[in-house]
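**Q** Features from TrEMBL:
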BINDING   Ser19, Phe20, His27, Gly98, Leu99, Arg100, Glu108, Tyr132, Ser133, Phe134, Leu135, Ser136, Ser137, Ser138  ATP binding site
BINDING   Ser19, Lys51, Leu83, Lys97  substrate binding site
DOMAIN    15-142  domain 'Cytidyltransferase-like'
SITE      His27  site 'Transition state stabilizer'
Amino acid sequence: MTGPESEGSQVRRAVCPGSFDPITNGHLDIIARATRLYDEVYVAVMINKAKKGLFEIDERIELIRQVTSEYANVRVEAFHGLLVDFCKQRDIPAIVKGLRAVSDFDYELQMAQMNNGLTGVETLFVPTNPTYSFLSSSLVKEVAQWGGDVSHLVPPVVLEALRKRLRQA
Ligand code: PNS
């Protein structure tokens, strides 16, 4: 056999990593766009023992599974340690990251170069939909905590989970 089909794995995989505490419409937009470019898209939820989030890792994963259920090629998993190791273990050659603004670029470039230097994994930057260029999980939590309307910024199940969690707090 000649051509690309003879060259190792034919499945094109990518990972969308993050804290996802919780997933927002901005994340979802990047994941959805990645599903159209790759055969398999892993959503990798970072376990950070040093930082307690609003949602437990299992809750974040469950929310992501629910809001990505229409995409048959999305897998959601937790990871700890280095992202490049997660990629190596699953034969994932590409990391997909959304860039909201120029201010994201400095740190993202550093991480992309570090990751590439470690294992050769590539990072692909996708410009965030301008509708979500100001959006972050932290801001969503802050606005929601003080009763602000975030219904246009997160999927309905996430909104419900936020309301429930903040009522408990
Ligand atoms: O949603 P976040 O918190 O901005 O996501 C950051 C994340 C998870 C993508 C980044 O912190 C990461 O890749 N962490 C894993 C640890 C790692 O590989 N560190 C070296 C990066 S060069």
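Using N, Cα and C of the backbone, Cβ positions are placed for all residues, glycine too.
Where the annotation comes from TrEMBL, it is an automatic prediction and has not been curated.
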**Q** Which chain-mates of Ser133 (ATP binding site) that are at least 6 residues away have a CB under 8 A from its CB, listed by sequence?
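**A** Arg100, Ala101 - these are the non-local Cβ neighbours of Ser133 (ATP binding site), listed in sequence order.
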**Q** Note the mean pLDDT of the domain 'Cytidyltransferase-like' (15-142), expressed as a whole number.
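**A** That stretch averages a pLDDT of 97.
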**Q** These are the binding-site residues: Lys51, Lys97. Which one scores highest on other Cβ atoms within 10 Å?
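**A** Counting Cβ neighbours within 10 Å, the top one is Lys97.
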**Q** Rounded to a whole number, how many Å is the Cα of Leu135 (ATP binding site) away from the Cα of Lys97 (substrate binding site)?
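**A** One finds 14 Å between the Cα atoms of these residues.
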**Q** For ligand 1, which among the binding-site residues Ser19, Leu83, Leu99, Glu108, Ser133, Leu135 have a CB under 6 Å from it?
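**A** Listed by sequence, the hits are Ser19, Leu83.
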**Q** CA-CA, which of the binding-site residues Ser19, Leu99, Glu108, Ser137 lies nearest Lys51 (substrate binding site)?
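**A** Checking each of Ser19, Leu99, Glu108, Ser137 against Lys51 (substrate binding site), the shortest Cα distance is to Ser19.
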